[in-house]
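K.L.:
Got a structure for you, questions after.
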Amino acid sequence: MYAPQILIEAALNGLMTGAVYALIALGLTLVYGVLHIINFAHGALLTVAMFAVWGAFALFHLDPYWAMLGIVPLMFGLGYGLQRFVIGPASHGSDNNVLLVTLGLSIVLENALLALFRSDTRALDSDAALQVVELGPLLLSTPRLIGFAASLAVTGLLWLVLNRTDTGRAIRAVAREKLGARLVGIEVDHVYAVTFGLGCACLAVAACLLMPTYYVNPRSGAAFVLVAFTIVVLGGMGSIAGALVGGLIIGVVESFSGLLLGDSLGQIGIFLIFILVLLVRPTGLFGARA
Amino acid sequence: MTSILVPSRRSVLRTGLAATSLMAMPAILRAQGAAVKLGIIQPVTGALANDGDLGKLGAELAVQDINAAGGLKGLGGAKLEIVFADSRSNPETAAQETERLNGEGVAAIVGGFGSGLCATASQAASRYDLPYLIDVGVADQLTQRGLKNTFRFSPSFGMVTKSALERLVALNDAAGKPARTVVIVHEDGLFGSGLAKLLQAELPKLGFEILETVSHPSPARDMANVVLRIRSLQPDLVIPSNYYGEFVLLARTMQQQRVRPKGIYAILGGGASSLRFVKEFPQAAEGVMDCNHWPDPKNPLTAELRKRTEAAGRAFAYNVPMNYSAVRLMAEAIEKAGAPDRLKIIEALSTQSFSSGVMPYGQSKFATGQNTSAMPLNTQVQGGDVKVIAPESFAEAKANFPFKA
């Protein structure tokens, strides 16, 4: 039906898009795995990061890839502050409250962006946006290739942080056993905030990778967040490897079902594979805890 | 027996009413003669906020101009006063806000943007015989529901498609028929799907072959697949119908993937008739054609409105002149009615003809609520600006077709 070249390109497109999905899901799954927060503000925070990338370009003509150096620490700081001074105190330790607080936060953020920027759709015309890498007959979008590589790198880096550093050990300890961690002298509130900050930092990287080709308006994060939630559940809630593999699978499935069924129905493929995996493995692909 | 300490419902109501009218007093005192309240409803938050915001600006500029020129002449120079309502891009809110506008005592309502929003708002207004002038809401059904209060200033969907197809054939014939094959790309909502269906029925009759119809959701995260299909099909023409964000994604991905059809011919395309797109993506925008709402380029007021829009920090799009013109038309209707009386305004709108402001409609006249002289213009992005290329009487430039970079 389609030439093999088209199918290969669709698969590669799917992998590249999926890698960025994975990055967005990574922040979500990390925050869930440690803080047990189902973070409804994830999409809004992604939008904030995307506006930051856009702002850096509009004001200083800063290339999104270079902007990463500034925006990642900024978003980390924002995440740290939000958890430490807003979500943590406002939730009083109750999971239900956390849901409401993050939901409220997303509404506040979205409307603040709306007030600041109106609902205009904005995009940036960076040099990288239109470049392609020619691989024989294949035309691969340079920003997507960069996105793919960067997503893999960040996932690896995050894995290293969690498994090889003291901070990572503390995070894992808190995730396992909050009280025990506190008893051995781990500052739980600080670890919570760091984790939330890391989640936001992942979003910042994703925003920098998306903005060369995507657009931003006060609601654009929402387009990604449902997919991210799906990936988190598919991969196994709280699993880093699960987020990566889940993201790549979803990307490829979306790409092929989009190609074969039309883009409108492409989304169906995502939910079909989602239901299928959950039927076979209710804990998700890499989920350990039930 | 009514106790003195426990106020009766009636006395509470009476006090409430008194308080409300007291609060309304300053507005009445300010105007010489009673100001006429005009309801403006636009989605300034939510998914359609970009359009709503520009529409609101257009309405405000019109009211400014009318008041600066001495107000409503037939009504002793009464000033127009906007009562604004935000429909939040949500049909239910549009109806609720219309109820509120009715409660605030507006004489008429102008606006809506988006078929779904216009449908519920005009329906709600019809319960109070409140004249409702739709700015942009293309669904044909809007004026076919037998609502006496509802009028549409702009062309309906059917009218736009008809003009678009006629002009496409003319364009193609004039260039020696370079285009034969077409791919339709549309958003999968009411507007895009309906349009695609119409095109699928009509294009083959006109000698075009539809290679494929691709639908996509809004918001779409990615257009790579859509473009991949276009690339494998190599059509002469791509006809997109979608909103701004998706249109931009599509145009840019096509440019990146080096897909260069002989023409991109949008019908009510979200991006091709917006100067924001042209300004931000000059390369991707160049050569894109659109059949859409657009003001008369030869009317000097059009250029002036564009300047005032830019002075307000916005990129010009058709919403500004459209609402500017619609508000002026409504003001004329109120003058012709001789009083801010709802039934008289409806009567005037149904029977008389009006000037169309900066829109290229000549004299506007409504038959069963639809402005029969409304029509779209064809535009093309040329040299970083939007130029009208058809019909002949409004054209500023020759069409660049088949497209040569």
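Quick reminder: no glycine exception, Cβ is built from N, Cα and C everywhere.
The structure displayed is predicted, hence computed values, not measured ones.
From TrEMBL, here are the annotated features:
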- A:12-34: transmembrane segment (TRANSMEM)
- A:40-60: transmembrane segment (TRANSMEM)
- A:67-86: transmembrane segment (TRANSMEM)
- A:98-117: transmembrane segment (TRANSMEM)
- A:138-162: transmembrane segment (TRANSMEM)
- A:191-211: transmembrane segment (TRANSMEM)
- A:223-253: transmembrane segment (TRANSMEM)
- A:259-280: transmembrane segment (TRANSMEM)
K.L.:
Using Cβ atoms and a strict cutoff of less than 8 Å, what residues sit near the transmembrane segment (A:67-86) while being 6 or more residues removed from its termini?
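P.N.:
For the transmembrane segment (A:67-86), the nonlocal Cβ contacts are 35, 41, 45, 48-49, 52-53, 56-57, 101, 105, 189-190, 192-201, 203-205, 207-208.
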K.L.:
Six or more residues out from either end of the transmembrane segment (A:223-253), which same-chain residues have a Cβ under 8 Å from its Cβ atoms?
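P.N.:
Hits for the transmembrane segment (A:223-253): 11, 14-26, 28-30, 32-34, 42-43, 46, 151-152, 155, 158-159, 162, 175, 269-271, 273-274, 277-278, 283-289.
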K.L.:
Below 8 angstroms Cβ to Cβ, which residues of this chain, lying six or more residues outside the transmembrane segment (A:98-117), approach it?
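P.N.:
Distant Cβ neighbours of the transmembrane segment (A:98-117) are 35-45, 47-48, 51, 82, 86-87, 90-91, 217-219.
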K.L.:
Quick test of the contact rule: Cβ under 8 Å, at least six residues beyond the ends. What residues does that give for the transmembrane segment (A:191-211)?
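P.N.:
For the transmembrane segment (A:191-211), the far contacts come to 20, 23-24, 26-28, 30-31, 34-35, 37, 39, 42, 45-46, 49-50, 52-54, 57, 64-65, 67-68, 71-84, 87-88, 123-124, 126, 143, 146-147, 150-151, 154, 158, 161, 167, 170-171, 174, 181.
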K.L.:
Cβ under 8 Å, sequence separation of at least 6 from the ends of the transmembrane segment (A:40-60): give me the contacting residues as numbers and ranges.
P.N.:
24, 27-28, 31, 67, 70-71, 74-75, 78-79, 82, 99, 102-103, 105-107, 109-110, 113, 117, 122-124, 126, 199-200, 203-204, 206-208, 210-211, 214, 216, 218-222, 224-225, 228
K.L.:
Same chain only, please: residues at least 6 beyond the ends of the transmembrane segment (A:12-34) with a C-beta under 8 Å from a C-beta of the stretch. Say none if there are none.
P.N.:
42, 46, 138, 140-141, 144-145, 147-148, 150-152, 154-155, 158, 171-172, 174-175, 191-192, 195-196, 198-203, 205-206, 209-210, 224-225, 227-229, 231-232, 235, 237-240, 242-256
